[in-house]
């Protein structure tokens, strides 16, 4: 049943090749084409297919196994590919605005191919370009065509060598000179150098630079963004007063040139201030639509939320690639069996199912969340461009900030653990570089720290939740938020009094069960975090110390549990939308329940300690439910992967091609490597001077 539907839309899909995976596809309980249409929609499916086929048919994007280019050549090739992507017109603004979700789809498709390429394009067009558009005003729009045509190439320079997460402590300065109507941009010392900036190492000609804005009277108005030319657009030589360079090789994504920059009293026109959050008039007066400094800083750094939301999606892509490889491998790799003459696919083993199928469920749940939070962000940005600074929009922005700040840690950590588990689940073949797990692991790794260290970001979410726990809320007063993610807290006291009354496996087999448990868990952790904070504040008297000492067993798990609940709630609602066929609702419902129980099982100690569940049988029943769901999803796993996996060319893993010819494809890939059958170029060293034992002993 896993084959594609025979209808007019079937041209959107490629025929699934016949081979060893066909048996699993035939056992699927649903139609994979129907699920693909529900999951992505016809417009997005067509867009994806166009991107994948375009890359595959262009020799510039050809890849060979085992070819490691020198760093300089890798950077050159990545820039050439970036140019080609723009030449194909994938970043046409008018097309992307018709369906903003295509922005996310484009990033993800390029990232499935290579994150160095995706991030180079994204940092230029969607981070640098969008910041100029959203944070600037009409006088800055002249740069947009130059950005799109690559006449200028941009980057986003916020982080400094000595400061990252603490944005308010950035030390680059911009002093206003009223006599010349210029800003003087300056780095007071090397610790204030802009650092880790993507595209800045070799290619950026312009940067959005964040600096502390000082007026002639010495008053500092805080962090503002400025458009600064870094290099000459013809020669790529640094501009006067700018010291710029490359920070060097990284653990991954080395096609992207991360760099540093220092400014020695560099003068830029007053008009180069991106002035939507604050401006200086020609008369030299500073004004801002935001009276609150924190609100202004939040608006100035609004692009950070978009960056974090992009990273959620990037992490999900990496997880989808990893589970696609692991499940296809597991369905075709046969080892052992009930008799010596019979071997069965390792996917048939409950242990293998338990190791990788929860990550498949997580990929689906997080994928849906990443799409919905992205569209929420689009709504906020659209309202800001319309000049809507209402309290409702401010609260929406605050809620999205809280979701992005916990969503990035949850997604990136889930992907990082999932990639490693999938690597190990593929045994020795998973360690072979050509099968891609190493690149996935290294490319996903920075998602855990850039655009905000995960553990620091979680504090943003817990602070948001703790701010809601005021006396009116505890008294049961009405409470709501724009996205309704915290509306359940209106029943906060009542939820804390609830207990799980079931004791059998069947009681856990519906996604409503983990949802109810998570609502209780969030309320319990909110109460515990608030209690810890108040105790620490009373004993130490410092808000700073009280917050720090409330993190480990309070605020950190609170933020993660809240995020897991939000992801599960949105997935649950999506599955129960109208018009979904029974077969799709069943398989997606199993994924939803598995994701919820798998996440919830990591909080068992808290569920018992807080009294939500009791007795040995309840915990065992949850474990039995997880194993049963894995068994139920086993026959659907290959078809579920067919929905989220890219083309073979983009997936680029010999052990995970859609035809399932595991050994033929792996053997062919090994033999296609350059020099695989040649003797070592250094063979004379092996043959000459063989008697080396003890030769240098006298010199010791």
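Heads up, the Cβ atoms here are built off N, Cα and C, so glycines get one too.
Per Swiss-Prot, these features apply:
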type	residues	note
MOD_RES	10	phosphoserine
MOD_RES	281	phosphothreonine
MOD_RES	505	N6-succinyllysine
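Take the CB of the residue listed as 'phosphothreonine' and look out to 10 A: across all protein chains shown you find 9 other CB atoms. Note: the Cα of residue 505 (N6-succinyllysine) and the Cα of residue 281 (phosphothreonine) are spaced 68 Å from each other.
Around the Cβ of residue 505 (N6-succinyllysine), 18 further Cβ atoms fall within 10 Å across all displayed protein chains.
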